[in-house]
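Visitor: Features from TrEMBL:
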- 95-137: repeat 'WD' (REPEAT)
- 182-217: repeat 'WD' (REPEAT)
- 242-283: repeat 'WD' (REPEAT)
Amino acid sequence: MLGFLTARRAGLDDPLRLRRAESTRRVLGLQLNPDRDVDRIHGNGINAIDIEAVEGRYMLSGGADGVIVIYDLENFSGKLQYTCKAVCTIGRSSRYVHKFSVETVQWYPYDTGMFVSSSFDKTMKVWDTETLKPAEVFQFEGNVYCHHLSPIARKHSLIAVGTTNPKIQLCDLKSGSRIHILQGHRAEVLSVRWSPRYEHILATASADSKVKVWDVRRASGSLFTLDQHNGDKSKASSEAVNTAHNGRVNGLCFTGDGLYLLTTGTDDRMRLWNSATGENTLVNYGKVCNESRKRLQFTVSRGCSPEFVFVPCGSSVAVYTLHTGELVTMLRGHYNNVDCCEFHPDYQVSSSDLSPNSQEWFVPRMLTVTLLDSLCSSYFCFISSALQ
């Protein structure tokens, strides 16, 4: 570390090398944070979380009880031990609360004044953060498993929605209507993700074992369907042709640069794909336990070298090296199944010590992974690396 700092100060080294080296060191040193807790609001398991990208301060959570909570992650107390408070709650007493389990929550990418939630009550709601009232409600014929807003879109304001219907719905925030459907799957759509690189590229995963990549500007169908055997029919049974997994595909995640796409399935496998060509890179992650019947929310690090994948695995979170498939560690601390996790690269202040005379370092902020129990514990564990 001193060598990186000396080279950076002398102008002999790229500051990004220091940033990546320190980010990687901290991920490899992740441990359970004993000084952080979060208000326990949910009465049942927590299905989804999202941390807004504007300030990196507020976190959404959606629970099996239909409740949505907004937490303030910032510590203004100056104390080492801190409990993150719930600043807003859409609870059972609200007339606008979801009637059944909330499956996905997401902040509007450019503003904390709005967020979107979807539920098994067959609705997706666009909320005004100020009033905690829905500005728009989209009704669907079946349970809503997932939705996603593009993190980079400037030319459209579409929300992709996956339901028990095999057709993917595209809802327009500007007009407040469903403007298009994408047909191609033969079973319920369990996960949808927009590319962080190209705003019109969408990936969808279904219980029919298939993952499709779409350009929503085209009307002629999907660009391609991912094939775990890369077109080699001699390795595939007739049922496995053009399938991404040998079971339900319930997890999708693009890497930060959008060049690769990760998928998880109930065949206990995770696969890494070239998002431009659809080629299976054949990285072997081994057995990745996946018993979820619904969407599995997992995540990829950003700003590390190499990058890491964080995947819920029973009551733990498995950490893999992205391009080699090596299992780095298992993050333990929950008592029941972990249902979702979120990686946040720039949260908490980085300082040489915690005294009033602490000195700020020219390094990225502390890395934080947020995990949630999916069953009865209904609490958060913050996992962060300690400054050494």
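Each Cβ is built from the backbone N, Cα and C atoms, and glycine gets one as well.
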Visitor: Using Cβ atoms and a strict cutoff of less than 8 Å, what residues sit near the repeat 'WD' (95-137) while being 6 or more residues removed from its termini?
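Guide: For the repeat 'WD' (95-137), the far contacts come to 47-55, 58, 60-68, 70, 88, 143-153, 159, 161, 163, 171, 173, 176, 294-295.
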Visitor: Where DSSP helix means H, G or I and strand means E or B, what are the helix, strand and coil counts for the repeat 'WD' (242-283)?
Guide: 0 helix, 19 strand, 23 coil
Visitor: State the non-local partners of the repeat 'WD' (182-217) in its own chain: residues 6+ outside its ends, Cβ under 8 Å from one of its Cβ atoms.
Guide: 142, 145-156, 158, 160-168, 170, 223-226, 240, 242-254, 256-259, 261, 263, 265, 273, 275, 278, 294-296
Visitor: Which sequence-distant residues neighbour the repeat 'WD' (242-283)? Criterion: at least 6 residues beyond either end, Cβ under 8 Å.
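Guide: Contacts with the repeat 'WD' (242-283): 187, 190-193, 195-198, 201, 203-207, 209-211, 213, 223-230, 236, 289-300, 302-303, 307, 309, 311, 320, 322-325.
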Visitor: From the DSSP assignment alone, can you count helix, strand and coil residues within the repeat 'WD' (95-137)?
Guide: 0 helix, 23 strand, 20 coil
Visitor: Compute the average pLDDT of the predicted model within the repeat 'WD' (242-283).
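Guide: Mean pLDDT for the repeat 'WD' (242-283): 97.
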Visitor: Going by DSSP assignments with H, G and I as helix and E and B as strand, what are the residue counts for the repeat 'WD' (182-217)?
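Guide: Helix, strand and coil residues of the repeat 'WD' (182-217) number 0 helix, 18 strand, 18 coil.
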